[in-house]
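Swiss-Prot annotations:
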| type | residues | note |
| --- | --- | --- |
| ACT_SITE | Cys116 | active site |
| ACT_SITE | His256 | active site |
| ACT_SITE | Asn286 | active site |
| REGION | 257-261 | region 'ACP-binding' |
Amino acid sequence: MNKINAAITAVGAYLPEDVITNDDLEKMVDTNDEWIMTRVGIKERRILRDKNKGASYLAIRAAQDLFERHGIDPKSIDGLILATNSSDYHFPSTASIVAHEIGCGDIFSFDMQAACPTFIYALEVGANFIRSGRYSKILVIATEKMTAFTDYTDRATCPLFGDGAGCVLLEATEEEVGVMDAVLHSNGIGKDHLIMKAGGSACPATHETVDNRWHYVYQEGQVVFKHAVVDMCNSCVEIMERNNLSHDDITWVVPHQANLRIIDAVARRMGVPYEKVMVNIERYGNTSSATIPICLWEWEHKLKKGDVLVMTSFGAGFTWGAVYVKWAYDGSTVR
């Protein structure tokens, strides 16, 4: 039996129409455009303002975009893995809601949560379902309504986050394309540096936790920045060395869009020219697990079969990693 690979054969995304600019934030907190651009490189971010719509709404729209533009029948999907840090509810899973709404039938579906790298974790998990030989098509969606947990009285964190969703379809192939390798890591030493302090079983919601604003993202920015630069750079070097890749072999670097200075550091460490790096943080901010698939969607028309992509991310926990992908189709042919 020939080796089975898991190829990315389609991408989709959805971004809400409403925008929060740096000028808007200047009216809410003590900040300004120059301060935000200098520190993180974000000009604006998208927001899903409807309080009755959660991450599932964004995921549904992203999946529909993929189905419509690529001519995919939802009934052909064997399973759905949903990456999110902003699920609609603790239970049921957001994945089950999405699978039903997009018309996939009674397929298996589940949520994954590994902070901002959840998409690359889910990509490797989905690829292994394909490699098992039991499944032909796995839909991997990353969806985030991060603004629901953003404190718009905190000048340190409110400029960072935006809402959005992106997705990819993994399909079985015997060609030498697809998810070729992944390095995934975690270390709980970072727990207290990037956290939502309340709402889980360790600290259930009370009047006190609400009054203390513990249901919003808390971040110690300098600590997180230092670890992110080191760990994202190291994971990229690790996957390049494991696969004998030089910087000349890489067509595109797809970094998590958390901070422009982190992205710059990763590109320098890999020795890759900046024109090979996908960057859209200025327009969308940090959409957590969704940043990488949103990049793939935005750059799809430039991607060619055989292109070598290295994706890398870092997040709470700490969690981090990198994935090596050989692109499976010419994006210029897609609507």
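Positions of Cβ are set from backbone N, Cα and C atoms, glycine also.
If you draw a 10 Å sphere around the CB of Asn286 (active site), it holds 25 other CB atoms from the protein chains shown. The Cβ of Cys116 (active site) has Asn85, His256, Ala258, Asn286, Ser288, Ser289, Thr291, Ser313, Phe314, Gly315, Ala316, Thr319 as same-chain neighbours under 8 Å, each 6 or more residues away in sequence. Look at Asn286 (active site): DSSP puts it in a strand.
With helix defined as DSSP H, G or I and strand as E or B, the region 'ACP-binding' (257-261) counts 2 helix, 0 strand, 3 coil. Reduced to three states, the DSSP call for Cys116 (active site) is coil.
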